[in-house]
Amino acid sequence: MTGDALAGQGLRLGYDGREVVRDLTVAIPRGVITAIVGPNACGKSTLLRGLARLLVPDAGRVLLDGRDIHAMPTRAVATRLGILPQHPIAPEGLTVTDLVGRGRHPHHGWLRRWGADDDRAVADAMRVTSTLDLAERPVDELSGGQRQRAWIAMALAQRTGVLLLDEPTTYLDVTHQVEVLDLLTDLNRTDGTTIVMVLHDLNLACRYADHLIALRDGEVVATGTPSDVVTRDLVADVFDLPSVVVPDPVSGTPLIVPIGRHHTEVLPGPPPTTALPVPELAEPRRESRSE
Amino acid sequence: MTAVLDERNAVRRVASVRRRGIRRGRTVGLVLAALASGLVLLELSLGSVTLPPDDVLAALFGTATPQAEYIVGEVRAPRALTGALAGAAFGLSGAIFQGLVRNPLASPDIIGITMGASAAAVVAIVVFGATGAPVSVSAFCGALGTATLIYVLAWRRGMSGYRLVLVGIAVAAVLSSVVSYLMTRAQVRDAQQALVWLTGSLTARTWTDVAPLAVAVVVLVPPAVLLASGLRPLQFGDDAATGLGVRVERHRLGLIVVAVALAAAATAAAGPVAFVAFVSAPIARALVNGNGPALVPAAFTGAVVLVGSDLVAQHVLELVGIVALPVGVVTGVLGAPYLLWLMSTTNRTGRA
């Protein structure tokens, strides 16, 4: 299919009349990883909830594959678009297999029973997320990283072309953050799943996203590939934060080094005697993403 | 090649875990159903005239002596069936509420729904001097009215389980003071009748108590089972449930209506028997090992708990010299320690 996977047009979103997002238009390109970034309370989760139809817009509309998402039966939407909310809750004692199995819910009608294709979808999702070895374990006894993989497996068992995730890496240590983001990248690269995620960590967003949407006060400040849009000025604009942007020594994507009140900028050039040398700064920028 | 093999093994493993869960659920359900039937048969045979099991069966198939048939058919069967059906309705209602709200405290006997039935019944008895069926009708309406009130009060941009529990407990407290006030104002004879009703009792039930309850159970169980498919995703929270294609508010309202009607029908028939709804679902969930809301096992557990408690109240306590008690006394003694335990562990671990 061509065109944007998901689009918001003139969206006004809020809670109880308190406007969080007003007149916002975004497009989520198909088959790539999009990260929504911005400071706290900028409306990034609200936007994601709006795109996922968890929030009904006060104005504007959300288009999924070109059709108004609120005009489609919610079950039909659920076969095309999956969502992993920020704090999903697993009932006590629920096994990982059962959790992942519930991802099949939208594919069942009132009467259609569980079938072999459901087992296959669940097994695939668990294989990809390396949760097969946890099959019999209760979800509430898993570690944070394992639990997040189990929830992602549930969303995968839903077999949707679009997957939205609200801060999938919160509460995870850095190892598990990278693990989850690698897993999402695998999904995107192998199945072409369109992934949209709200991310707190700007550097990880730059590294893992193909497309960045930067929000501030409910408005889009910039969109594009991280290398194109993330500059010192943008970081200052969006986060009110002075910083230095350098190429990530590992991925070549922009790496934001914040400057606080107690640390002054170390300019590239002859290193001052007191600071450690920063050889990466002198390296030419690698364009690993342009292939 | 190995990839294909891996894939097949994965599917096999997933299928086997799933089947094991289903098998366990079925086994637990069958065992509980057998246990409930056994207890009902026991209740049919025990009494001032103890009938051996073959006489009971003969009476059920209409081949016993007229005397045995009268004892089983007119005296004991209505009592046993009221117990079994009310227990099942309480158990199912509690399982739906607790599953929906994800809080073990959210059971119709804790959040004021049966208290609503009680208040209405006491009004009928004390103010209008009613007895029999009008008391039951009044109790049924009281439960529905209270549930509506709680739902409206707890509603703010959608339903939060925690708010439902808090509002429910507050409403229960208000209604309980209404009951107390009426009791202090009542004639002694009315007060005594009201008190027996309030404890929950299966004494002197007739087929006119059983029939409406049976109709309610037959009408309400199919929608409960159908709606249960949406209860599973709803337990993940509203957002995740919407993501899975569940129409959250509509589905939740449907489940609440079914659960309230079940609790109301059971209360109208047997009185607000304490804690049956509250304890049945956790017992059932523990037996099936936690997978899902376990609605059917919870219904059978409710029947086992209520009929079993009635047997204890009628016959076992006699052995230690205590005269027959209303069944609510026994379930209260069983349920209260569980409530205390739940409160203490909830406070300690912060889960609820």
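Glycine is no exception: its Cβ is also placed from the backbone N, Cα and C atoms.
From a predicted model like this one, the values you see are computed outputs, not experimental measurements.
Residues or ranges marked as transmembrane segment by TrEMBL: B:28-51, B:80-101, B:110-131, B:137-155, B:162-183, B:210-232, B:253-279, B:294-312, B:319-341.
With a threshold of 8 Å between CB atoms, the same-chain residues lying at least 6 positions outside the transmembrane segment (B:319-341) that come near it are 83, 196, 198-203, 270-276, 278-279, 282, 305-306, 309-310, 312-313. Contact between the transmembrane segment (B:162-183) and the transmembrane segment (B:110-131) is supported: at least 3 Cβ pairs lie under 8 Å, counting only residues 6 or more apart in sequence.
Most Cβ pairs under 8 Å to the transmembrane segment (B:210-232), among the stretches B:28-51, B:110-131, B:137-155, B:294-312, belong to B:294-312.
Note: the stretches the transmembrane segment (B:294-312) and the transmembrane segment (B:110-131) are not in contact (fewer than 3 CB pairs below 8 A, sequence gap of 6 or more).
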